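Lifted from Swiss-Prot, the feature list:
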SIGNAL    1-19  signal peptide
DOMAIN    20-129  domain 'Cystatin fetuin-A-type 1'
DISULFID  C28-C333  disulfide bond
DISULFID  C85-C96  disulfide bond
CARBOHYD  N95  N-linked glycosylation site
DISULFID  C110-C128  disulfide bond
DISULFID  C142-C145  disulfide bond
CARBOHYD  N203  N-linked glycosylation site
DISULFID  C204-C216  disulfide bond
DISULFID  C229-C252  disulfide bond
CARBOHYD  N281  N-linked glycosylation site
CARBOHYD  N292  N-linked glycosylation site
Amino acid sequence: MNSLVALVLLGQMIGSTLSHHLQSHVDCNGEDAEKWADMAVHYINEHNLHGYKQVFNVINEIHVLPRRPRGKIIILELKLLETECHVLDPTPVENCTVRPPHYHAVEGDCDVKILHDEGVDKVIGAKCHSDPDSVEDVRRNCPKCPILLPLSDPHVVDSVEYVLNKHNEKLSGHVYEVLEISRGQHKYEPEAFYVEFAIVEVNCTAQEAHDDHHHCHPNTAGENHIGFCRATVFRSHASLEKPKDEQFESDCVIFDVKEGHAHSHLIEHHIGNYNTSPGHNNTVLNLAHSHNHTSASHESHSHEHVAEVPVAVAKREVPTNTPHDHTHPVKLCPGKVHHFKL
């Protein structure tokens with residue numbers, strides 16, 4: 001019994017010590033908070049292997065922990081939103097359009113660790129979990145708006161292949177293959193399937209590209225041509241076969257990947273596999289929002305090892321003692337909504 005009491009007291013002492021060192025009262029709308037959030041999103045976009053570039057929407061919480069022998073660890077809890085720029089798009093994220101709610105927006109919850117040492121801040125890790133807005137909410141606000149489909153849906157895959165074949169037929173001496181399917185939606189009135197996908201130029205002829213026994217490869221480093229396509233393929237309600245002569249609208253933009261481009265390594269990551277982005281409702285760094293419930297788990301951490309208090313204890317606790325003054329404390333978090341709330 002005495003041992004049990006001693007263990008309880010020891011736990012209370014440790015908890016009290018951690019609570020004392022944990023600084024939770026950081027203004028989520030302050031200049032430092034905004035600077036840290038921008039740094040975190042830049043890090044996430046640089047390490048994103050799939051899907052779309054992100055912007056931060058809300059700073060949910062900030063925790064500051066001591067780090068031995070010096071410095072501190074800053075833990076940000078962020079909500080991000082998907083833009084319309086694919087990760088391979090060289091457009092600066094500041095110039096990318098945030099995907100609006102009526103296009104079935106996707107939100108990410110991210111925990112980001114930042115090391116602050118001798119006046120220098122450095123992101124040392126990030127973990128993100130993404131979810132699309134619910135179908136019910138989309139339909140409640142816009143009954144006829146397009147709804148996200150699993151990227152493995154046959155209509156999505158067939159539409160991508162159909163549009164890419166049509167695109168290759170128009171080109172002379174250039175053949176492209178799919179790098180990644182990143183979005184698929186079902187449209188209504190008229191019935192159609194909307195798709196977005198990344199492509200890369202390969203060293204095959206058109207005939208070789210249709211040969212299942214021939215393996216195409218991207219052009220040599222420094223000569224890669226990558227692009228991104230948005231397309232709508234119109235289908236009848238009863239049509240379940242692969243599209244043949246359906247009407248379609250497409251817009252494919254081709255980028256030149258310069259040697260040393262930050263994302264040139266992604267081509268080798270993708271090519272050789274028929275890729276869809278990883279699924280949502282999983283812990284993923286890349287926030288790729290494939291909406292296909294596939295299993296994916298990616299975390300990013302620098303190789304630097306830091307001594308820190310475990311993240312699991314970095315949660316704000318409800319005080320056990322009620323303060324005697326009757327003034328209402330200023331609510332510092334969450335911060336303001338920068339775009340819209342899902």
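Each residue, glycine too, has its Cβ placed from N, Cα and C.
Structure with Swiss-Prot features highlighted.
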residue : record         : Cβ contacts under 8 Å, 6 or more apart
C28     : disulfide bond : I59, N60, E61, I62, L332, C333, P334, G335
C85     : disulfide bond : Y52, K53, T91, V93, C96, T97
C142    : disulfide bond : P101, H102
C145    : disulfide bond : H102, Y103, H104, V138, R139
C229    : disulfide bond : V163, L164, H167, V195, E196, F197, A198, I199, S250, D251, C252, V253
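If you measure from the Cα atom of C128 (disulfide bond) to that of N95 (N-linked glycosylation site), you get 23 Å. Looking only at the disulfide-bonded residues C96, C128, C216, C252, C333, the densest Cβ neighbourhood within 10 Å occurs at C128. For the domain 'Cystatin fetuin-A-type 1' (20-129), residue counts in helix, strand and coil come to 24 helix, 56 strand, 30 coil, using DSSP. N95 (N-linked glycosylation site) and N203 (N-linked glycosylation site) have their C-alpha atoms 33 Å apart, to the nearest angstrom. Here C110 (disulfide bond) is compared against the recorded positions N203, C204, C216, and the shortest C-alpha distance is to C216. Cβ neighbour count within 10 Å across all protein chains ranks N203 highest among the glycosylation sites N95, N203.
Over the domain 'Cystatin fetuin-A-type 1' (20-129), the average per-residue pLDDT in this prediction is 91. When the alpha carbons of C216 (disulfide bond) and N203 (N-linked glycosylation site) are compared, the span between them is 6 angstrom. The most crowded of the disulfide-bonded residues listed here (C110, C204) is C110, judged by how many other CB atoms sit within 10 Å of its own CB.
In the three-state DSSP scheme, C252 (disulfide bond) falls into the strand class.
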